[in-house]
Ligand code: RTP
Ligand code: MG
């Protein structure tokens, strides 16, 4: 398996719940290393650009409003199979469908306020990491 990098965002709901450390601890216990990190209040333009692939979807406006509702904690994570490993740690998009013990099952309230973002493929990981951290 290859060493990969993936983008993780701890979303405004989880930041407001004060569980950044608990979530990062799950990454670390799974041998994912935080190689970039920054606390940031996204502007509307930054959130719209980040989720541009979803701009025709009915939930796009709610998603952008939610992502700018408070600060987020953005990280690049590195490790073996990091992209899929992070997705497995996150659980399903809808926390009601997420496996017990996943981040979304434990910390998320709803499909809108679902605690974390994680890149879904090598191509999107590269674009998303460059979007926030350059190169
Ligand atoms: P993310 O991109 O945030 O890691 O989440 P994901 O891959 O699991 O889900 P995706 O399909 O990429 O959707 C991005 C975010 O949009 C919100 N969403 N709402 N109301 C809905 O039907 C709906 N579907 C998606 C979620 O907050 C999701 O994380
Ligand atoms: Mg996604």
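All residue numbers here begin at 1 and follow the chain in the order shown.
Even glycines carry a Cβ here, placed using N, Cα and C.
The feature domain 'Nucleoside diphosphate kinase-like' is assigned by TrEMBL to 3-135. Taken from TrEMBL, the feature ATP binding site covers 11, 59, 87, 93, 104, 114. According to TrEMBL, the feature active site, pros-phosphohistidine intermediate maps to 117.
Here the features listed in TrEMBL are placed on the structure.
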residue: 11; record: ATP binding site; Cβ neighbours (10 Å): 22
residue: 59; record: ATP binding site; Cβ neighbours (10 Å): 12
residue: 87; record: ATP binding site; Cβ neighbours (10 Å): 17
residue: 93; record: ATP binding site; Cβ neighbours (10 Å): 11
residue: 104; record: ATP binding site; Cβ neighbours (10 Å): 24
residue: 114; record: ATP binding site; Cβ neighbours (10 Å): 23
residue: 117; record: active site, pros-phosphohistidine intermediate; Cβ neighbours (10 Å): 19
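In the vicinity of ligand 1, defined as a Cβ distance under 6 Å, the following of the recorded positions 11, 104, 117 are placed: 117.
Listed in sequence order, the binding-site residues near the residue listed as 'active site, pros-phosphohistidine intermediate' (C-alpha within 10 Å of its C-alpha) are 11, 87, out of 11, 59, 87. When every Cα pair among 11, 59, 87, 93, 104, 114 is compared, the largest distance found for this ATP site is 21 Å. Across the domain 'Nucleoside diphosphate kinase-like' (3-135), DSSP classifies residues as 62 helix, 28 strand, 43 coil.
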